[in-house]
Amino acid sequence: MGIQAAEISAILKDQIKNFGQDAEVAEVGQVLSVGDGIARVYGLDKVQAGEMVEFPGGIRGMVLNLETDNVGVVIFGDDRDIKEGDTVKRTGAIVEVPAGKELLGRVVDALGNPIDGKGPLNASERRIADVKAPGIMPRKSVHEPMATGLKSVDAMIPVGRGQRELIIGDRQTGKTAIALDTILNQANYNGREADGMKTLHCIYVAVGQKRSTVAQLVKKLEETGAMAYTTVVAATASDPAPMQYLAPYSATAMGEYFRDNGMDALIIYDDLSKQAVAYRQMSLLLRRPPGREAYPGDVFYLHSRLLERSAKLNEANGAGSLTALPIIETQAGDVSAYIPTNVISITDGQIFLETELFFQGIRPAVNTGLSVSRVGSAAQTKAMKSVAGPVKLELAQYREMAAFAQFGSDLDAATQKLLNRGARLTELMKQPQYSPLTNAEIVIVIYAGTKGYLDGIPVRDVTKWEHGLLQYLRNQKADLLEDMTKNDRKVAGELEDAIKAALDGYAKTYA
């Protein structure tokens, strides 16, 4: 049998042409050392900072340190399953998380994997976790209210959509309670687009908390129906530090989906102190030089680049917004520590909670003197602005006078009146947990307090009086509340007469 040269050359040419098409090109490296959630890897020369890499067994990691001879990788999982000499593969992708309305009602981890046992997410898109914040031109100043349902906050420290308002205080002062009540309060407004109210989608990020605490919170949200418009991102105390560091960024990417598509979202970081601690742990293990309180030099940038992503966009960019309520835990009321001062300077105001007030029974324990909202007054409703003005001033004068009144008993009538009014207003600002009020209810209650309707009521009965008033309004004056909710206007003229009539009507039944 003769060998045909042409046939052989055709086969060879074909094989050369198709050579290597099926071969998978993957850049791999080798683990040099591993421990404490950090792996040192040799051989990943072209890897990007922030890129995902894959270890054997499907464990993922993220590249943080790029050095001359190796790269430092933080591991999103158990480092006990990784050993020296293991192969590490590049994925070519920066850390991404799922985003979209499919995440509402779900509990996910820092990488967006569902942990609530309700099946896969089927999210409509994926977004990079750590992206640049919007520039100056796409933004608009904050002008729409974001109601928390808490009298002391909505009247004196108002928050607007697109604002960053810090909640700061010691442990066990009710920081999470304020955030949770804000989520629950949105049930009064969500789904009412016909009345000109945009739905506020909520994202709650639990960083370094106990699993039992997160489970209780999710249970409360489900019981009240608030889970329908809420996503919970959990990186609990037992999760590795890289997960606690990443969770706020991942959750913000999920919130940006709403912001960039012309919708409104609220994100609660609970809390950023623990994220800073997780980042400090990672940085020290990666041998980055420590700075003040052993935090790395870029810990300010850690929080500033996160919180700058919360913004109100202008009409040309869809008019969406992302509002942030970061929480910071202080030690013994020290707000001059490193992380608290950093976050205070980044945010647009703070709600300051005090242990002393909490134990006096003033809950929410808001110190109205130290709390401030730098942009919120522009976002207050007209009705609230017209009645809430005198409250902060009267309470400030009351606190000042109360300090003097301890020394002398012979007070003139004007001072005595101020003290009596202040004591009743302080009592009026108290509010039980899980019972947020609508804007209209708060306006009427505060109007009653500032116009002297409470002056004849004993201080101990103020809470009872207010509870009765709310019941009366909901049962007898529901149309007034509805009208105030739909048509926001200054409390004057007809509206003021209607409120006075309602209060006079209640006064007769209370007597």
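Any Cβ shown, glycine's included, is placed from N, Cα and C.
Residues or ranges marked as ATP binding site in Swiss-Prot (evidence: sequence analysis): Gly169, Asp170, Arg171, Gln172, Thr173, Gly174, Lys175, Thr176. Listed in sequence order, Lys175, Glu329, Thr330, Phe352, Leu353, Glu354, Thr355, Ala365 are the same-chain residues at least 6 apart in sequence whose CB falls under 8 Å from the CB of Gly169 (ATP binding site).
Under the DSSP three-state reduction, Ser371 (site 'Required for activity') is assigned to coil, being neither helix nor strand. Ser371 (site 'Required for activity') is surrounded by 22 other CB atoms, counting those within 10 A of its CB over all protein chains shown. Per Swiss-Prot, the feature site 'Required for activity' maps to Ser371.
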Densest Cβ neighbourhood among Arg171, Lys175 (binding-site residues), 10 Å radius
Lys175
What is the number of other Cβ atoms found within 10 Å of the Cβ of Gly174 (ATP binding site)?
19
Given a 10 Å Cβ-Cβ cut-off, pick out the one of the binding-site residues Gln172, Thr173, Thr176 that has the most other Cβ atoms nearby.
Thr173
Using the centroid of the Cβ atoms of Gly169, Asp170, Arg171, Gln172, Thr173, Gly174, Lys175, Thr176 as reference, list every other same-chain residue with Cβ within 8 Å of it (recorded ATP site), in sequence order.
Glu329, Leu353, Thr355, Phe358, Ala365
Which of the three DSSP-derived classes (helix, strand, coil) applies to Gln172 (ATP binding site)?
coil
